[in-house]
Amino acid sequence: MDTNNTGKCPFHHGATTSPKSSGTTNNDWWPNALNLNILRQHDKKSNPMGEEFDYAEEFSKLDYDALKQDVRDLMRDSQDWWPADFGHYGPFFIRMSWHAAGTYRIGDGRGGGGTGNQRFAPLNSWPDNGNLDKARRLLWPIKQKYGNKISWADLLVLAGNVAIEDMGGPVIGFGAGREDIWHPEEDIYWGSEKEWLTGDKRYSGDRELENPLAAVEMGLIYVNPEGPDGKPDPIKAAHDIRETFGRMGMNDEETVALIAGGHTFGKAHGAGNPDHVGPEPEAAPIEAQGLGWQNTYGSGKGRDTITSGLEGAWTANPTQWDNGFFDLLFGYEWWLTKSPAGAYQWQAVDPDEKDLAPDAEDPSVKVPTVMLTTDLALRHDPEYEKISRRFHKNPDEFADAFARAWFKLLHRDMGPKARYLGPEVPAEDFIWQDPVPTVDYELTDAEVEELKAKILDSGLTVSELVTTAWASASTFRNSDKRGGANGARIRLAPQKDWEVNQPEQLEKVLSVLENIQSQLDKKVSIADLIVLGGSAAVEKAAKEAGFDVTVPFAPGRGDATQEQTDVEGFAVLEPVSDGFRNYQKKEYSVSPEELLIDKAQLLDLTAPEMTALIGGMRALGANYGGTQHGVFTDCVGTLTNDFFVNLLDMGIEWKPVDYNLYEGRDRKTGEVVRTATRVDLVFGSNSILRAIAEVYAQDDNKGKFVEDFIAAWVKVMNADRFDLKLNKKAQLTSK
């Protein structure tokens, strides 16, 4: 290009549209600045459907059976531009669905197939998702036909379910209800590597995988199929499998069922040298129209496809459910070889002709079946082998285990069963769905007021009631829709024993509420009483500040039992930090203020909502252990804006005592008048948060602060109430 003839930048207004043309950004200048972007992602401005769009309502209009039939027909309609292996797209769609759902991790509930994020970077370009762009394009005519009635998120997952059915495999149902996002998520930490497939970069010590990651390398869904760091060791591969599947919430039996069941279908693709493969979708040229991995080897498709670099089918009948995977796994000895692409894999020693697989394009041509290092782990690991041999001898048990594990895989990030849509939702409740009994009572406004009076007359303080309600509700994670106040699992193990919940105080509060419950003429759940107690305390605190308010309350929560609660499964919800209660379990490599932002994002809060809640919780004395850090008021228990007023007081100078503790000294006398944590001070330090804090510190916004605090409070209290459409705004009248 002749640079002398290149036009100047046409953006006179200074707007820029790509990193190359954006100049030096704030992030370039201050790479360690607090990232608040995750609190404003998925803004309505990016959603083409508009605020009024109701996916559940649209889905109710769907001809579900017709949709499934169209998917079945598509699977047998091989397209010249991307032909189906063995004449059936079923295995391809299973991989697409598995890789959509399989990014889920229990550590923070992020990932999974619940948002259709496989359409966007980085997932659409991960090496492990190679050529799945073609699977999504194959589905486009169906999405185009059914339009708003089926989300991409649901369709990507449903397609694999239909594929298993169509190939004779076992499924136990399907729940729809996944709503699409419209740009990549910014809150998910996929790792810190700058390149794909970099080996053990995310490990430390004795192969300890970084939390909350659930894949061994950047760009993989789970494990390296060639073995750890590409070394073909089945025993060491078993360690990686157990850890990564465990971080997705799967036990050994579920893991074996999924691997064996998934590899009953289809084949791996590594027909030639991977140098023939072009860039991933995000790096592909504009004329590729979002398709990546263009392949110049042979025809570039069919038997010439290059994806993972591994090559071959696992069974002799790769489009039919059977016990062939275990038959071959235990029926032969396996020798190490390499695929045409140079990847380590295993072939059977002297296989019978009946155990050879058909060629992807010509069923009359037979090719060797293969096993991957991770497949052989199911034979060489002692625990996996026991399960595998049991499944081999009991095909019906294997089929049932696979169907249940597959359903769990597809639905693990969807939260409670109340969110499921469609005619195929199983009647059975599964413990991983965190079931909560439904309630059959209603409360009149008068009864609610009577209950609030009883709670406020019980001797419990505003701080105790607010802290307990917050502890119950704030376990909610919008990532996988788990936690929350419904179920009152704060009464049960493990939550009742969590340090952050101050077990002695919690036991006292619950005892008082249970005593009130026992004296009532009608059934009211403890879950409702916990939330109502917090709401009553907020109303009392607002009244003390001069505002008569009604905190909206919607009864209808149930009380879960210990038998309905997976103790190990709930352990991952224990907060290691909760800035709203000024709690930090220990010092971490991530700052307390970053952990606050992460917590706020999981609660689905905006920056203003987070700010209002922090100010209110400090005023109400809701700190862990009753500490005075950040309690910038002489009227604890009164819902004032004192936190913001005193934080922004230029008469106070702040000095560090240690990493997470600061003293505020009077500039004139040098006297220590306040103490604070990093979470407190970030609302005066960060320019964005300070701007919001200034709004709430204004003399004319005392009422606005109360109103905004209540709105954010109710949002958290009702975060898991999927039966409620909208929270009513607090009715605020200044006294």
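Each residue, glycine too, has its Cβ placed from N, Cα and C.
As written in Swiss-Prot, here are the features:
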{"type": "ACT_SITE", "residues": "His99", "note": "active site, proton acceptor"}
{"type": "BINDING", "residues": "His263", "note": "heme b binding site"}
{"type": "COMPBIAS", "residues": "15-27", "note": "compositional bias 'Polar residues'"}
{"type": "REGION", "residues": "1-27", "note": "region 'Disordered'"}
{"type": "SITE", "residues": "Arg95", "note": "site 'Transition state stabilizer'"}
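Shown here: features listed in Swiss-Prot, placed on the structure.
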residue : record                             : contacts (Cβ under 8 Å, 6+ apart)
Arg95   : site 'Transition state stabilizer' : Leu132, Ala135, Gly160, Gly266
His99   : active site, proton acceptor       : Gln118, Asp128, Asn129, Leu132, Ile221
His263  : heme b binding site                : Trp314, Thr315, Phe325, Leu372, Asp375
Collapsed DSSP category at Arg95 (site 'Transition state stabilizer'): helix
